[in-house]
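The compositional bias 'Polar residues' annotation in TrEMBL covers 15-45. Residues annotated as domain 'ABC transporter' in TrEMBL: 67-317. Summarising the annotation, TrEMBL assigns region 'Disordered' to 1-57. Annotation source TrEMBL lists transmembrane segment at 423-445, 457-476, 496-521, 533-555, 561-584, 653-671.
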Amino acid sequence: MASANTNVPRYIPNLSPSKSPFPLLNNQTSSTMEMESPLPTQNELGTGRQRGSFRDTSSCTGAEAFLTWDDLWVTVPSSSGTDTRGKNNGKAILQGLNGYAQPSEILAIMGPSGSGKSTLLDALAGRLASNTKQSGLIKVNGRKSLAFGTSAYVTQDDELTTTLTVKESIYYSAMLQLPESMTNSEKKERAETTIRDMGLQEVMDTRIGGWYNKGLSGGQKRRVSICIEILTRPKLLFLDEPTSGLDSAASYHVMDRIEKLTKQCGMTVIASIHQPSSEVFDLFHKLCLLSFGRTVFFGPASAAYEFFTLNGFPCPTKRNPSDHYLRTINKDFDNVSLIQNEDTEQGLEGNNCKLLTTEEATNILVESYRLSQFSQEVKLRVSEISNKEGRILEKGSHACFLTQSIALTKRSFVNMNRDLGYYWLRLGIYISISVCLGTIFYDIGYTFDSIQARGSMLMFIATLLTFMSIGGFPSFTQDMMIFERERLNGHYGVTAFIIGNTLSSTPYLLINTLIPGAIAYYLAGLHKGFEHFLFFVLVIFVSVILVESLMMIVASMVPNYLMGIIIGSGIQGVMMLNAGFFRLPDALPNPFWKYPMYYIAFHRYAIEGLYKNEFKGLSFPRSQGEGSSTITGEEIIEKIWQMPMSYSKWIDLYILFGMVVLYRLMFFVVIKTSEKIKPILRSFSVAHYKPTKQSNHGVP
Ligand SMILES: Nc1ncnc2c1ncn2[C@@H]1O[C@H](COP(=O)(O)OP(=O)(O)OP(=O)(O)O)[C@@H](O)[C@H]1O
């Protein structure tokens, strides 16, 4: 029976010294608390052998992963600002954690919201945010660095291609990740088995869905994300809240399947988890319980029960033990009355009780753990494992570059077709604007006034069509986020992505420039002849690809599409301004606007090519009125528009094309550089960063 209590709700027994509530302080260990001690031998480290575990090794290859972390600290700049000496010591999110994870086991990281679970996963996976500082030693198979793309990480946000069905998503992922040694039908079979394992067979043909159409539920999306990452049976798998959004039955089945794979393939799984049912909790081999970045408990999951009991916090019989652990250490709601029920009283065997706040209770547990046999065992095991250098963790064999490029092209093509915002909406707007343009400049003629009209119309087309590429930025940013996730998880490389994106977008960009271009060109009656029309379309087509390449670079550097749109339009605005139309080239101020900006602005080459294509070969009256002498197109280009006639319009087109290649290469370099530089910067800051006690910000 439950009874309400006071605002300071925690009781612990007032025991005599012989019945200390902290037996672990005295190094007393019961049989259930004993850490399993078999240490890996040199041969076992990274060789695919693990004692006592059943193994179906047919689909599991490569070195196993032993992961250790020693005195791990992570701090972020403190929002409370600097201290009296003007120093910002930062806020410690993780405080000197030690631990390990080993093959064929699931390590569950639990703790109240904000206790540092995701931060610990990020630190172990080498994916901490750039504003964080890390110290301590993280090792995989006794080696310091986790090579790029060798682990799989299911993050909290499900970045998925919203237009694809579940089956398509998993199938394309299988094509991208599974090795060439598997046939297509074997890959399909693996995809379908994994879908069934995650209980998604009923929604196989349902689209994932996004903001514009509801598709899968949150829990179903979660399972799709897990499916994608377990396809290859990765040796090291990080799961950030894999069961969030799932009901208890689904949570159990998902975790049960993961546990079986873990054993079968010798996977090392580290999962942060919020509220496991007791059935799910029983699937975990080890438990790491955190509270505000400190370890409350690390050891066999089954031993946590006794640890809490022996420290004076027994779990009431009707309460799920994992709920009890979290309730005992959640300091967020201290002012809320907790309930002491009869079970607790029974567990205390009639001893006197003492009131404690959850903060005090947590401090007792943290201190008790620190001095316990568990903590000593963890330290011993960490040093044993980390001192033995095993094989380098590798991602395992992949699909070949060609298969990946084909799969990415197909996937991207389907997505661009189904996502109205990508190209179709833009095509509609382009067609409407080209009708407006064609009717405003209808039958432009060859009068003196038509010189200016032609110049304005061509400039408008070159700038508007390219500028409106920004409209596809939200869809494109979504693609980039998926690329980022898949790249970090080692599914494929940058080159395959660039090829896939370029090939899949080309037909759409051609339609987007050909149809509106033809409407505007023929309504206005621009330079007659198919060759002139073809050149006109080619310039616009290459310019639009060029802007998309520029947007790729922007998207790889900004955190979200809003910033991308703002920065992308800003860059384009500046380039338009100094293309030599709004201010003629000779009037552009030196040194910045003329050199180098006039030569960098791609609009300059676009309008130069378009003007040469339009004016060359035509002649116009030199002034208004009848009987005036004529001026040739060549003179107009050189004298009125101040553009060089020393090279042909085709050179302008080649320059634009060269810029496309350059921008795509720049994108490649940006991604590759960040891949290489980030770990170096991180290891440099780890080597030079020493956390201070003051940085705990009030956390004892
Ligand atoms: N890059 C960062 N910059 C500033 N603060 C951060 C950063 N990363 C994490 N934090 C802070 O560290 C604390 C722990 O965050 P973390 O996401 O690791 O918690 P969590 O246990 O995973 O929480 P939840 O269960 O709610 O996801 C939070 O207070 C969070 O605001």
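Cβ coordinates are placed from backbone N, Cα and C, and glycine is handled just like the others.
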May I ask for the residues of the chain that lie six or more residues beyond the transmembrane segment (653-671) and have a Cβ under 8 Å from a Cβ within it? 487, 494-495, 498, 502, 535, 538-539, 542-543, 545-546, 549-550, 552-553, 556-557, 602, 605-606, 609
So, do the transmembrane segment (423-445) and the transmembrane segment (496-521) meet, by the test of 3 or more Cβ pairs under 8 Å (sequence gap 6 or more)? yes
If you average per-residue pLDDT over the domain 'ABC transporter' (67-317), what number do you get? 89
